[in-house]
Amino acid sequence: MFINRWFYSTNHKDIGTLYLLFGAWAGMVGTALSLLIRAELGQPGSLLGDDQIYNVVVTAHAFVMIFFMVMPIMIGGFGNWLVPLMIGAPDMAFPRMNNMSFWLLPPSFLLLLASSMVEAGAGTGWTVYPPLAGNLAHAGASVDLTIFSLHLAGVSSILGAINFITTVINMKPPAMSQYQTPLFVWSVMITAVLLLLSLPVLAAGITMLLTDRNLNTTFFDPAGGGDPILYQHLFWFFGHPEVYILILPGFGMISHIVTYYSGKKEPFGYMGMVWAMMSIGFLGFIVWAHHMFTVGMDVDTRAYFTSATMIIAIPTGVKVFSWLATLHGGNIKWSPAMLWALGFIFLFTVGGLTGIVLANSSLDIVLHDTYYVVAHFHYVLSMGAVFAIMGGFVHWFPLFSGYTLDNTWAKIHFSIMFVGVNMTFFPQHFLGLSGMPRRYSDYPDAYTMWNTVSSIGSFISLTAVMLMIFMIWEAFASKREVLMVELTPTNLEWLHGCPPPYHTFEEPAYVKV
């Protein structure tokens, strides 16, 4: 029964597949929006109308990519598929809640799209700062619809987080300790804890904004004793952990991919990797105000947030060097997934380096809200999170589908994407250092060259996305079945064959420690 299987599903594999399909679809929408942005900025002068329309596109691009592409694919897709298989659990702890978590996302997405359709759209940027997001500068229902959309996506993530935490803690075989679970399982659990602690703060902030807009409260209005800076604190207390939520599952996937294709039976420094992720998770909560260096904070406050932010580089460095140590002395197989992982390690490190630059409050005063910041977070997202997703996808595709991708196409796809994203985002560092501000649809002629280069790069990335669609079609059309998977004793998820049966681990697994 199609309806029973796909709409009322309680199977972690089916729900994971739904998440992957939804995320892929949302990714197409987000990519289309990003190309609209780059088309507008390809040359000076106006292309798509006024700055309001431009900012609606920018805002939608951010929300779609974060809440409907990266999070559903990484946590919902890979998390649902792999976590139960990796710990030998029959399913997630709360299978029906798992289904609800997924089905909250399409309505949420619908509300976000609706916000662009009514009035002038929500041209607030993804941060939704008042007073721009207030009912004076944004009259009409657009921002309210965006807020409701975020509420639904937030509830979905909170329920998913509860589910993953419960599953990882309670559904392991009796003999398996927490320190014997694979790193991807750890990364998803830590991500879930971050979601559980940060999302309620966002919910509070946007609910206060909702009442400010509609019920005459003045939480963020100085005229009634409120303060717009309060909103920024609430938002970024969520917003900073959020960026670690987006990258941590990627860390977990990269650990698995690097270990597997180095022919190793375990990653280098397992405990160090776990503690590094826990440290990143903890530190992620105490650095939020580095997004607010320009609002006039006390010098001591700025000194603290600068130092605390730089300390995050230490556990991150532990992870990077542990990946390199895992590669060391290995029998390296240059598969497409390994190329994505190596690309991730290099480009994520470059993104982290520009992050260290921006952590300096004095430098950030100059660079805040310029394209330098855009370049920084797109290096860690577009070449961190997305490369991890791509690597994870080509690595686990045979597990999900039972078919193999064409190796040559996959390598060509990687090469095109690698050139495209670097050509898009590297020039943005130069634009930022020259003072080009973010969120403007037009710019002085002096910035033309690097903007043109950046826009050409974005179209190269588009061809890579189209090639990936072809590649997936080719795999399903050719139906090359999986012959053999190596290293299954240390990669539990492959144990049941490709694809695994509908129900796995129906009896508790016997784990010999």
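Cβ coordinates come from backbone N, Cα and C, glycine included.
Relative to the membrane, SER335 and TYR403 are annotated in Swiss-Prot as lying on a common side. Swiss-Prot names GLU40, GLY45 as Na(+) ligands; from the candidate set SER441, SER454, SER455, the record adds SER441 to that same site. Just one of HIS233, HIS240, HIS376 is listed by Swiss-Prot for the same Cu cation site as HIS290, HIS291, and that one is HIS240. Within its own chain, the transmembrane segment (270-286) has Cβ neighbours under 8 Å at 179, 183, 186-187, 190-191, 193-194, 197-198, 237, 240-241, 243-244, 248, 251-252, 255, 308, 311-312, 314-316, 318-319, 322, counting only residues six or more beyond its boundaries. Between the alpha carbons (Cα) of HIS290 (Cu cation binding site) and GLU40 (Na(+) binding site) lies a span of roughly 30 Å. Cβ contacts within 10 Å of HIS290 (Cu cation binding site), excluding its own Cβ and spanning all protein chains shown: 22. Same-chain residues lying 6+ beyond the ends of the transmembrane segment (407-433) with a Cβ under 8 Å from its Cβ atoms: 38, 335-336, 339-340, 343, 347, 354, 367, 370-375, 378-379, 382-383, 386, 390, 394, 447, 450-451, 453-464, 467-468, 470-471, 474. Same-chain neighbours of the transmembrane segment (299-327): 251, 254-255, 258-259, 262, 264, 267-269, 272-273, 275-277, 279-280, 283-284, 286-287, 289-290, 293, 341, 345, 348-349, 352, 355-356, 359-361, counting only residues six or more beyond its ends whose CB sits under 8 Å from a CB of the stretch.
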